[in-house]
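The annotation domain 'PUA' is assigned in Swiss-Prot to 93-173. The domain 'SWIB/MDM2' annotation in Swiss-Prot covers 370-454. Per Swiss-Prot, the feature domain 'SUI1' maps to 478-548. Summarising the annotation, Swiss-Prot assigns N-acetylmethionine to Met1 and lists similarity to another entry as the type of evidence. Under the heading phosphoserine, Swiss-Prot lists Ser238, Ser241, Ser348. What Swiss-Prot records for 224-245 is region 'Disordered'.
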Amino acid sequence: MFAKAFRVKSNTAIKGSDRRKLRADVTAAFPALGTDQISELIPGKEELNVVKLYVHKGDSVTVYTSGGNPILFELEKNLYPTVYTLWAYPDILPTFITWPLVLEKLVGGADLMLPGVVVPPTGLPQVQQGDLCAIALVGNRAPVAIGVAAMSTAQMLASGLKGKGVSVLHTYQDHLWRSGDKSSPPAIAPLDPTDSCEEKVHLGLQGNLKSLTLDGEEENGQVPLREASEDTSSRAPSQDSLDGKPLQEQMDDLLLRCFLHALKSRVKKADLPLLTSTLLGSHMFSCCPEGQQLDIKKSSYKKLSKFLQHMQQEQIVQVKELSKGVESIVAVDWRHPRITSFVIPEPSLTSQTVQEVSREQPYLPPDIKSLYCVPANMTQLFLESGHKKGSTLEGSEVRKIITDYAKRNRLVDADNRNLVKLDPILCDCILEKNEQHLVTKLPWDCLLTRCLKNMQPAYQVTFPGQEPILKKGKLCPIDITLALKTYNKKVTVVRNLETYGLDPCSVAAILQQRCQASTIVSPAPGAKDSLQVQVQGNQIHHLGQLLLEEYRLPGKYIQGLEKAPKPGKK
């Protein structure tokens, strides 16, 4: 609901009577809150504001703010807590658990699909269809989203955990969260941690549970969790086994594991020399086991450069400063015992979850319209037709407005109806200063062309089943370029995938498999919050097949396809 910017209608301090009514409504809506907690949430004397706003879908929403943070919002006479409130009182709603990678999808406006739900040993929370519920991530009880259950718990289990689980209304990092102090979720330990004895029983029964899964039987949704435990144990020591180690030693082990995993499964000889920052950002982070987070500052090395110096001393890699202040890995000994003895883990449960979700939601190309915004100096021309500064119009609408304006003001030349006389308003809108006293008439096509040229470009992108997204400026096409790296090696670089609803990481994974070439996802230079995909070699032919044939994007939105290798040439 708040994935896109909203428009504030009013912001006023709450009245005393309204404050008392709100306290009563909160008591009725959230019976798990005690009297003291309600007094903390809605204090008697501290400032409390009521904000009326319109979300991008047009719904009217009332938001209650305290201390600069939104604490509650009301939609269709129903009260909902924000993530700020849930961080203070995490147990007032039934909570579903999901993987950290799913959060990005939720922030982008997606609902929580059941394949992405992690089932704890105690089973799913008991909800009925339409019940308010929260969503938290594995390892942290602090909710990151709220929504309403799309089906009851019984229906979820009966469906085999397929389909939509929670219709999401508000998330951490959405625009409602941004209206507050933008704090991050606190670390809240999960309730009822698994007993160590029980964990041993679980590990002993994993083989039986796996066979039960193959037979299609699940009881209380416990199998996926134990499969996850099995998967984690194959890649890294379990959390229970690590509890005896200091945190710094745990992070050292995790850092080495991610490093060896990246070298053995992701980095190829053709990638060298490889920036150390790229090794960390594009390879090591993605090799981190589920439920764990790689943080070099918590290791004994503190910095990546010190860790790589240690790896160089062990003669696993060779690091050089090829340009001032920028280190690169120039050589890797793939025969080193550390690398050869490392066992690559099985695909994680999360990657399977992402694949299931993507299968349920296949990519469909968006509908794209070119639009024009009314600038300040052309406001008078569009005022009579009910449009003001900033209004967006299609080209056909602009043509009709200009035509109607000329006819209504009798500006069509009587002797030559292909010409339009320019009145003061048209002169100010379309003529240059040196033309003001020289040009008195223009042909229709020239008049319309000049009007469109002087208006500000915009575009509207509409994905199937979603609200239109309106953006000002020119629509950037998907940009495919070839670049030469060290030793005259070619790489294919793709930018602007996000504009068309394409996930750069997903595209990189597909290209890596089809082209049998290494890929790197990195921040796009000069573009805020945008990523680029780099593929080893000239892979434009494969890209063209993927974008044009499978994703069915129109060719006019893709530039650089002509650089594909010609048939018969390598």
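From the backbone N, Cα and C atoms, a Cβ is placed for every residue, glycine too.
In terms of DSSP secondary structure, the domain 'SUI1' (478-548) contains 27 helix, 26 strand, 18 coil. Residues in the domain 'PUA' (93-173) partition by DSSP class (helix H, G, I; strand E, B; coil) as 17 helix, 32 strand, 32 coil. Taking all protein chains in view, 22 other C-beta atoms sit within 10 angstroms of the C-beta of Met1 (N-acetylmethionine). Mean predicted confidence for the domain 'SWIB/MDM2' (370-454): the pLDDT average there is 89. Residue counts for the domain 'SWIB/MDM2' (370-454) under DSSP, helix first, then strand, then coil, are 43 helix, 14 strand, 28 coil.
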